[in-house]
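Comments concern the structure below.
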Amino acid sequence: MSPVTERTPVHLPSGVSLEQVNGTEALVINTPAARAVLHLDGAHLTSWTPAGEQDVLWLSELSEYGDGAAIRGGIPLVGPWFGPGRSGDKPVKHGWIRNHPWELTEASFDGKDVVLELALVDADPSGGGLRADARFRIGAELSVDLTLTAGAQEVEVEAALHTYLAVADVRELRIHGLQGADYLDNTQGLAEDRQEDTALELTGPTDRIYSVNSEVRIEDVAGGRSIVSCPRGTAKTVVWNPWPELAAGMADMPDDAWTSFVCVEPAVAKESAQVLRSGGALTIGVTYRVER
Ligand code: BG6
């Protein structure tokens, strides 16, 4: 983890530039291996397009940006709690780290990949001093790692990489790697259920927290490609799509856009939440690749 120094400008290597995107500051990556957009607000990657591919991340054309907004799409970094938190009464859904501007601490090349590190310090509204760090490795594959480090106070944390994957039609997916897994169904008051021994096919509003920490392959049948999600340091895989009834109530998403994405989210949540003592850290991560 790189220290955050007082506004020391980080040198940007060629292929990386700081630009205004949708009215806010973002790092724009354009290399032979990939193109990507990483907003400083929320350390939020909104686009990753490996060479020869279409964007792997979905982004709402009605998303809000700036000043505490949560960008709708891309990879929201979620923490230090998931959803309304384990107690169910947290004031901000999915925690506060996605609602603050982060600071770039490192930008470099490692082979053909761009490596970007960002930090969020002194933003913990509880006064507990929790810090967040994120590391992105952007190339033919994409790796994202999120670390939450407790400050002076002990704290229980949840975390997730709330990735919106772009698909041709969410109704024509086969999601492999969840077979036989237990899950909590958030459309049924967190009722316990179990996935059949078949790939998951979405047929209605889906909001499930699977007890799965291994590779998941999203077979985009209509799009002719698979996106492989390889998590690390996690305990859960959340699968979410609002379907039209819930999408219609979301102002930052066009009514018909729900068909174009599925959220598959590596997470530490619910009973897998971790208690961090002062200085203790939780790191979760994921690597994505596209297969044709
Ligand atoms: C998912 C949750 O991770 O995120 C859903 O499981 C939630 O319950 C969805 O509705 C979207 O959350 P938000 O806060 O980004 O609208």
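For all residues, glycine too, the Cβ spot is worked out from N, Cα and C.
Taken straight from TrEMBL:
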{"type": "ACT_SITE", "residues": "His162", "note": "active site"}
{"type": "ACT_SITE", "residues": "Glu265", "note": "active site"}
For His162 (active site): intrachain residues, at least 6 apart, with Cβ closer than 8 Å: Ile75, Pro76, Leu77, Val78, His94, Val238, Cys263, Glu265
Glu265 (active site): tally of other CB atoms within 10 A of its CB: 26
Where His162 (active site) sits in the secondary structure, as DSSP reduces it to three classes: coil
